[in-house]
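First up is the structure itself, then whatever we jot down about it.
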Amino acid sequence: RPDRFVARRRRVDSSLHEWKRRRMAVKADVFAGSIAAELTTKALLHPLDTIKTRLQYTVVPKRQRAGASSIPIVSDLRLGFRVLADATRSPEHSMKDPSLRPRSRAADAANAARSLYRGLTPQLVGVVPIALVYMPSYEVASGALKGTPLQSTPIAGVLTGVASAVVRVPVSVIKSRIQLGLHQSAGEALSHARRGGRGGLYAGLRATVVLDTSYAVVQFTCLEQLRTLALRFSGGELTDPTQLGTKANAAIGFATGLFAAVATEPIDVVRTRLMTQGAKGVGAFAYDGLAHGLAKASRAEGMASLWRGLLPRLVTKSTGSLVWYTTYMEARRAFNAARRTSADG
């Protein structure tokens, strides 16, 4: 009897160890895919992100908004041309005091490129830690919930949003303040943030948790539904999302980014302002938090102001999601193919 007990205990321990290994060990291809996808997306779409950030920072009083200009996307076009004009005039763009020096066309183009790519360095530096948290967190969470009653719930997306916010906030604070010209370098922005107390590196943390959680819930809910739909339309030929082709992955990524961007834009507007206003409750906007910011912005600027920057964000998120998800799946496929070739050799 003791021998049978020991044998049973060993089988249980072995099964538990294997379960933990399968559930908690994130595959190397997930890491490789995440990093490749983040680097590609951030580098390609950073100018659009800069325009979006500057639009969200812009305040237009309600009394100055009338007719078509009150429509978010139309307003973005009008203000966007002004942002681009300011960018061509000064490579050291500042939302506080933009330079208006006349330049040649060649200089204008160079200035625009330098201005719109401000903040790219901290953005790229943050790619690795963010990539190592974002999609792997979702793969672990969704894998752990697979086969349970919670599989069809958005819990995996919620957990992913919370985990990624902790890493994303310091990067976003530094990046946004450089994009707006509030600081001229990452070192200057970092030093200022360290002196800012609660308005420092983790300014807007709660808003970011809400934003990332909301975005992840919408994104991954759409992702799972579209993945299932794509597999169903394959007529049973495909059984796993990694088998989907590039076109299918591109369509899935584009659609998920589009839906998630529209749903979460108001949170993103207030989050940007919280991160760049400085100390909590003071600065350019004097927001005390997400709820206060949403209420104050809607009162002073109208409800439409909460969707300011929607146009570049729609392009950024839909195109970015297309590029990100396609690169992610293709990188995973290439990584696995290389690993199989190495194992066979």
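Even glycines carry a Cβ here, placed using N, Cα and C.
Listed features, source TrEMBL:
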| type | residues | note |
| --- | --- | --- |
| REPEAT | 24-144 | repeat 'Solcar' |
| REPEAT | 148-229 | repeat 'Solcar' |
| REPEAT | 244-334 | repeat 'Solcar' |
Across the repeat 'Solcar' (244-334), what are the DSSP residue counts per state (helix, strand, coil)? 73 helix, 0 strand, 18 coil
What DSSP reports for the repeat 'Solcar' (148-229) is 62 helix, 0 strand, 20 coil
Within the repeat 'Solcar' (24-144) only, compute the mean pLDDT. 75
